[in-house]
Amino acid sequence: MLSLLGLFLVKGRPAAGQDLPTAAPTGEEVPPGAAEDSEAEGSDTLVADRPEVEAEDAVAEPETAEPELETPEPVGTRLARLRARLVKSNNIFGKSLLALLSQDKIDDDVWDEIEETLLTADLGADSTFELVETLRERVKVEGSKDPERVKALLREELIKLVDPEFDRKLNVDTPGRPSVVLVVGVNGVGKTTTVGKLARVMVAEDKDVILGAADTFRAAAAEQLTTWGSRVGVPTISSDVEGADPASVAFEAVDKAVEDEYDVVMVDTAGRLQNKANLMDELGKVKRVIEKKSEVDEVLLVLDATTGQNGLNQAKVFSEVVDVTGIVLTKLDGTARGGIVVAIQKQLGVPVKLIGLGEGPDDLAPFETESFVDALLEE
Ligand SMILES: Nc1nc2c(ncn2[C@@H]2O[C@H](COP(=O)(O)OP(=O)(O)OP(=O)(O)O)[C@@H](O)[C@H]2O)c(=O)[nH]1
């Protein structure tokens with residue numbers, strides 16, 4: 001079956017001499033994305049079940065050191081680093097909101113400005129009006145003008161809006177079979193990058209992960225995913241036929257995961273606009289075909305936070321087609337529009353589970369209500 005479809009399993013642990021990008025030391029690490037495409041072009045990275053070279057066969061070969069696998073950043077430093085980044089990108093929002101609430105006299109004009117600030121942060125009209133109403137009422141009832149107290153009230157109300165009751169844990173613990181994660185979204189939102197980052201998080205948790213490159217439109221997309229995986233020893237199933245049926249690739253990846261008892265299989269899909277009916281049908285088919293082999297445990301919709309309310313339309317249509325179970329909000333490092341979290345959750349009834357905070361390989365964090373709100377309100 002594998003050979004019929006022209007599918008490739010690229011070994012996670014690279015064969016000797018295979019050209020892998022090296023790890024940048026720290027800080028601005030280079031993701032295996034667009035920047036590296038030119039380098040990857042023409043390189044022979046797809047290897048079909050390349051047989052291991054026997055030790056005695058290798059004697060004539062010049063010695064080449066096996067490239068080192070990267071070690072994903074430990075969870076502690078990763079989260080502290082990303083939290084600081086979230087605070088930085090929302091600095092304007094937090095600062096202006098707290099300045100407004102610290103005024104001696106919080107009159108109608110100040111409340112209007114508060115409303116405007118919340119709207120600018122993409123909280124959405126309904127939630128903004130609701131929040132301001134509640135806050136006005138509480139400030140009036142308490143009669144407190146102490147900025148610290150007002151800040152505490154705002155924090156409480158924001159936490160309620162973001163909703164601490166949601167179960168935000170990824171459903172990737174399914175004893176006895178691999179957990180299946182399908183990743184969907186429009187073009188360029190960060191799907192492949194997210195799959196790559198998430199694979200690293202799982203590797204750090206000692207999970208055996210395999211990837212499926214069901215983005216068969218762009219040859220570079222499979223290469224990009226394969227590179228992400230091979231940096232941390234994670235294999236990728238892909239097709240050598242451009243435009244191959246994405247459902248077949250997805251099926252083969254899940255089939256392989258079941259056969260070889262992986263813990264998690266993550267399937268990356270091609271970007272598609274939600275208003276292209278044929279492409280949305282194709283996505284529905286990808287999911288249905290996977291389901292012939294296994295349950296799908298997580299359908300992650302990746303949304304770009306910088307596109308604001310536009311993400312809401314995408315969320316609605318994708319959810320109708322593939323029953324989204326979690327949102328990944330990317331590019332929160334470049335925007336002070338964190339309020340979109342509230343709007344999306346409200347519209348879909350589905351929690352934001354992960355946030356992307358940069359292009360680096362370890363720039364992905366689980367979404368935590370309280371620390372998110374605290375980061376928004378930090379001065
Ligand atoms: N600043 C920032 N950039 C990000 C983040 N996530 C992804 N990107 C960048 O967004 C760009 C697109 O990412 P991809 O992962 O290729 O997006 P995609 O959704 O797979 O794209 P298509 O397959 O073309 O639909 C890349 O340059 C990524 O580095 C993030 O959290 N922050």
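Cβ atoms are placed via backbone N, Cα and C, with glycine included.
A TrEMBL annotation is a machine prediction, not a hand-curated record.
These come from TrEMBL:
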- 16-51: region 'Disordered' (REGION)
- 57-76: region 'Disordered' (REGION)
- 57-71: compositional bias 'Acidic residues' (COMPBIAS)
- 185-192, 268-272, 330-333: GTP binding site (BINDING)
- 351-364: domain 'SRP54-type proteins GTP-binding' (DOMAIN)
- Note on the structure: Taking DSSP helix as H, G and I and strand as E and B, the domain 'SRP54-type proteins GTP-binding' (351-364) has 0 helix, 6 strand, 8 coil
- Task: Report, as a single number, how many Cβ atoms besides its own are within 10 Å of the Cβ of Arg272 (GTP binding site).
- Result: 22
- Query: Which entry in the list of binding-site residues, Gly185, Gly188, has its Cβ near the fewest other Cβ atoms, using 10 Å as the limit?
  - Reply: Gly188
- Item | Within the predicted model, mean pLDDT of the domain 'SRP54-type proteins GTP-binding' (351-364) | 96
- Message: Validating a neighbour-count step here. Other CB atoms within 10 A of the CB of Thr269 (GTP binding site): how many?
- Response: 30
- Note on the structure: Same-chain residues at least 6 apart in sequence with Cβ under 8 Å of the Cβ of Leu332 (GTP binding site), in sequence order, are Leu86, Ser89, Ala305, Gly338, Ile355, Gly356, Leu357
- Query: Using DSSP and three states only, what is Gly185 (GTP binding site)?
  - Reply: coil
- Item | Cβ-Cβ distance under 8 Å to Lys191 (GTP binding site), same chain, at least six residues away | Val183, Val184, Gly185, Asp215, Asp268, Thr269, Gly271, Val302
- Assigned element (helix, strand, coil) containing Arg272 (GTP binding site), judged by DSSP: coil
